[in-house]
Amino acid sequence: MAVQINPSILSADFARLADEAEAVKGADWLHVDVMDNHFVPNLTLGVPIVESLSRATDTPLDCHLMIEDPDRWAPQYVEAGAGSVTFHAEAAAAPVRLAREIRAKGARASMALKPATPIEPYEDLLPELDMLLIMTVEPGFGGQAFLDIMLPKIRRTRELISRHGLQMWLQVDGGVSAETIERCAEAGADVFVAGSAVYGTEDPAATVRALRAQAERVTAGAAWACGH
Ligand SMILES: O=C(CO)[C@H](O)[C@H](O)COP(=O)(O)O
Ligand SMILES: [Fe+2]
């Protein structure tokens, strides 16, 4: 699978989460933004809601933990039903141990980098991860403008993944839309989170399909996309 589109429920109606999951049927994953009002200046949802949501939808949950002390909390999101759990490099005390624990519990392990965090110090950790998330906004809120200055980091990360011969996914999150998705795909991203660009439209499922088609047109010829 070369391209994946993960709608973010941060832009959905939190009182109707099961319906909002249904509204993006056909999406690869549902992106669930967990914010604790400490790591980021916003508060969203936690383990009990992830547990309910995982029972309410067949779409697998991609939990993005914008929280302090993920070493303590991330395993609980796997137990709650998340298929993929992303912790922040800036918050994890022992990222290798945490990634191994997430995998051992049966989920995909992923690590996120805020815009000011470089990929280079984490090069040797890449084999421990199933996905790397590059934030293309400062984490904390939906609906922010895409940061073009992150494109070189996406490119450098794709090169590192290729150089190490890894099959891991490269996710971008923040300001991804019809206007920006092609730039991300050209730089080497293959998993795209989109919140406002999906839930802000009349037909969110059709928007997911359109975004996927746009990204697929770009990645079709990319050497790194072969064999996905
Ligand atoms: O992690 C996030 C914010 O911290 C969200 O996933 C992201 O912002 C999605 O919203 P949008 O597509 O509207 O930017
Ligand atoms: Fe997110």
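Cβ coordinates come from backbone N, Cα and C, glycine included.
Among the candidates Asp148, Asp173, Asp190, the one that TrEMBL lists alongside His31, Asp33, His64 as binding divalent metal cation is Asp173. In three-state terms derived from DSSP, His64 (divalent metal cation binding site) belongs to an extended strand segment.
For Gly140 (substrate binding site), the binding-site residues whose C-alpha atoms fall inside a 10 Å radius of its own C-alpha are Asp33, out of His31, Asp33, His64. The Cβ of Ser196 has fewer other Cβ atoms within 10 Å than any other of the binding-site residues Ser8, Ser196.
Among the binding-site residues listed here, namely Ser8, Gly142, Asp173, Gly175, Ser196, Ser8 has its C-alpha nearest to that of Asp33 (divalent metal cation binding site). Among the binding-site residues His64, Gly140, Gly142, Gly175, Ser196, residues whose Cβ is positioned under 6 Å from ligand 2 are identified as His64.
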